[in-house]
Every structure is written in structure tokens, then in C-alpha cells.
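Visitor: The repeat 'WD 1' annotation in Swiss-Prot covers 31-73. Summarising the annotation, Swiss-Prot assigns repeat 'WD 2' to 81-123. Look at Swiss-Prot and you will find 126-166 tagged as repeat 'WD 3'. Annotated repeat 'WD 4' per Swiss-Prot: 172-212, in sequence order. Residues annotated as repeat 'WD 5' in Swiss-Prot: 238-275. According to Swiss-Prot, the feature repeat 'WD 6' maps to 287-328. Sequence annotations record features per position, and here Swiss-Prot assigns repeat 'WD 7' to 335-368.
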């Protein structure tokens, strides 16, 4: 377990907007009556940078962000199980470049949808409870990791439908896993966090032969020699409550709990003592009225800024390149009153989407001077 080092005071950002950038509401869509839990732009394929996907109820919907604030629906998938409630969705990719969408939720089954053929490519079965988050390996987008209520994280090959590795056990999470994220440049490493208040860093390096084997496996996926990984390389207790979102920022980590703020901190791993090390909280990004769980933030592709919604339907956009932290702007509209469950920033941050508890999607676009 890492220790939080004292003596280094973290720097808190000011809630006075700098208005470095200004945004205006350009669209609002009422998708349905059910809560929308996820909205994600495609960062994997430059052909589809303007395409985003939403998840809510038993439905997954793809949209295109057009110029002048317009949004067009491209396709919609309704799960055969009407009791399904999707909590998370991620873009992935077939080995031939086909765009896939992977979605999971209360039923614990991950549906991998082939966008080109509009069919289910694979259904990934293995989790014993609901799936709270899916993230794709950007360097190898056939690989996804899933965080589950069953206290495990699983690594899958969406092309072959194989569960490669299961991260759980003696050193694993002790309650629901709420968020996962692959390291942006170290292909072997990812972070997970959850209701047990911890953030864990895991390494797949010594199990990479299993990953390679998953691409050439021709037998039944259920016969694949799935490996259990019981111990992370690092565990941190940065927060004192549920940790529901974590994202890598280079070798640093952005994470949030239910304490009205996002933290930027540095995990300092001890190479000779796996699981141990220290943690320095460097910067704090305040987010008022954000003390309930399952509110997730997002960044643009180049990690220049972060956008997060709150319980009142407002979005706070922080500059990640400034120290002390600078609030770029606060986005609000008199009709946006519902909890914002997730935001999505476009590749360059010029468009910000928010999906809400009341089934609405809001679009803000930067005002060009």
C-alpha cells in the first residue's frame, strides 16, 4: 500500500473562470426517458473523429457531430434483453480496421458490435456481475479491459472473443471496480479503482505471451488458458471514499471520488517492492456539487483539458497544462438541470458533449473569435 508523502502541499485551482475559451450550446437531444450513463467520441480512427456513441437503458446509439451544431443519428442497437441497462461503452477495432463498439452494463455481458455490418460480432461472457467501465488499449485496439461489480478486471480480445487475463484475488479489489484505464505509452500497464477507495496499477508484462496467443487461438474461446493475476504492482489510497473515475496523464494519474474535486497525483513505484511506493497529490481541480458517485470526466486526445459535469447540469472545463490549475470555463444552461453522468471532449476539445440522467445529450461548441 502506498503512503501519501507529507510536506508537499497540493495546489488548488481557483473556481474563477479564466474564459480562455468560450463555448455556446449548439444542440440538445432528448434520446429517451432513461438515464444516459456514457458518451464517447471515437479517438481510434481519424475517419470517425466526429462520430460518438451513447449508452443508456438497453440501447446503444451512434451519432455524427456535423458542422453548425447539428447531430445526426447513424445507427441504434437495442439489446434483446429488455432488462439490460448499459453503463459503459468504448470504441474498439478489428484486425482489419473495422470499427467496433463494446458495451456493457447490469447484465455483465459485453456486446461487441461491428459498426460496418451492423451486427453483433461477439458477446463476451465471464463477469459474474455488472460491468461498470470498458476501456480500449489505444496501441492495440483489439484489446479491452472491463471493470466489474464482481471485484475483478478482465482483459479481452474483441476480435477473437477470448478472455485473456483476470485481475482479481489476494491483491485485488475488495468491492466493485468502477473505472479502468490503459497507460498511454506503456502497453503492459493499466490502472483500476473502485468502491474499496483504492487505485491499483497492474502490469501484464510477464503474461504478454497469453495476449499474443489470443490472436492466433482457433479453438473454442472457452478452452483458452485464461490466467489469473492476483497482485498489482502498486496500490494507492489517495481518496477516502469510492473512486469512480481514473485516467492516466502521462505517468501521472487523474482521479476523482465523491469529494467535489479531481486530483492529479504521481504514483512513485518501488521497483524492488511490488505493491509498495509513495503518492504525491500535486494538483486539485475543484468541482462544486459533484459528491455522488458515477460521474465521469473526459479529456481531449492531447490531454490539454478535462471536462466534468455535476449534479446541477453544469460542466467545468479545466486546463491541464497550467499550474496552478486554471478553470477555462463553466458551461451552464437554464434548461440543463439533470445530473451529468459523463462528458466527451472531441479530439481537439472544440466540442463538448454531456449525457444526462434525464436522457438528454447536450452539445457545446467553442466560439471562434
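Using the three backbone atoms N, Cα and C, a Cβ is placed for every residue, glycine included.
Worth saying up front: this structure is predicted, and the values here are computed from it rather than measured.
Help me understand the surroundings of these features in the structure.
Guide: In terms of DSSP secondary structure, the repeat 'WD 1' (31-73) contains 6 helix, 20 strand, 17 coil.
Using a Cβ-Cβ cut-off under 8 Å and counting only residues 6 or more beyond its ends in the same chain, the repeat 'WD 2' (81-123) has close neighbours at 34, 37-38, 40, 42-45, 48, 53-60, 62, 75, 129-136, 141-142, 144, 146, 148-150, 156, 158-159, 161, 215, 294.
Through the fold, the repeat 'WD 3' (126-166) approaches residues 43-44, 87-95, 100, 102-110, 112, 172-182, 184-185, 187, 190, 192, 194, 202, 204, 207, 210-211, 214-215, 217, 221, 224, 226-229, 294, 296 of its own chain, all at least 6 residues removed from its boundaries and within a Cβ separation under 8 Å.
Within its own chain, the repeat 'WD 4' (172-212) has Cβ neighbours under 8 Å at 1, 132-140, 143, 145-149, 151-153, 155, 157, 164-165, 225-227, 229-230, 232-248, 250-251, 253, 255, 257, 267, 269, 293-294, 296, counting only residues six or more beyond its boundaries.
Residue counts for the repeat 'WD 5' (238-275) under DSSP, split into helix (H, G, I), strand (E, B) and coil, are 0 helix, 20 strand, 18 coil.
Outside the repeat 'WD 6' (287-328) by six or more residues, the chain places 11-21, 23, 37-38, 40, 43, 87, 132-133, 178-179, 242, 244-245, 247, 249-250, 254, 256, 258-262, 264, 336-349, 352, 354, 356, 364 with a CB less than 8 A from a CB of the stretch.
Secondary structure of the repeat 'WD 7' (335-368), assigned with DSSP and counted as helix (H, G, I), strand (E, B) and coil, comes to 0 helix, 19 strand, 15 coil.
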Visitor: Other than its close neighbours in sequence, what residues sit by the repeat 'WD 1' (31-73), given a CB gap under 8 Å and a spacing of at least six beyond its ends?
Guide: 79, 81-93, 97, 99, 101, 103, 105, 111, 113, 115, 136, 138, 141, 294, 296, 298, 301, 341-347, 351, 353-361, 363, 365
Visitor: Could you tell me what the rest of the chain brings near the repeat 'WD 5' (238-275), counting residues at least six beyond its ends with Cβ under 8 Å?
Guide: 1-2, 4, 10, 171, 178-184, 191-195, 197-199, 201, 231-232, 281-297, 299, 303, 306, 308, 318, 320
Visitor: For the repeat 'WD 2' (81-123), what does DSSP give as the number of helix, strand and coil residues?
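Guide: Secondary-structure composition of the repeat 'WD 2' (81-123): 0 helix, 25 strand, 18 coil.
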Visitor: I'd like to know the mean pLDDT over the repeat 'WD 4' (172-212).
Guide: 98
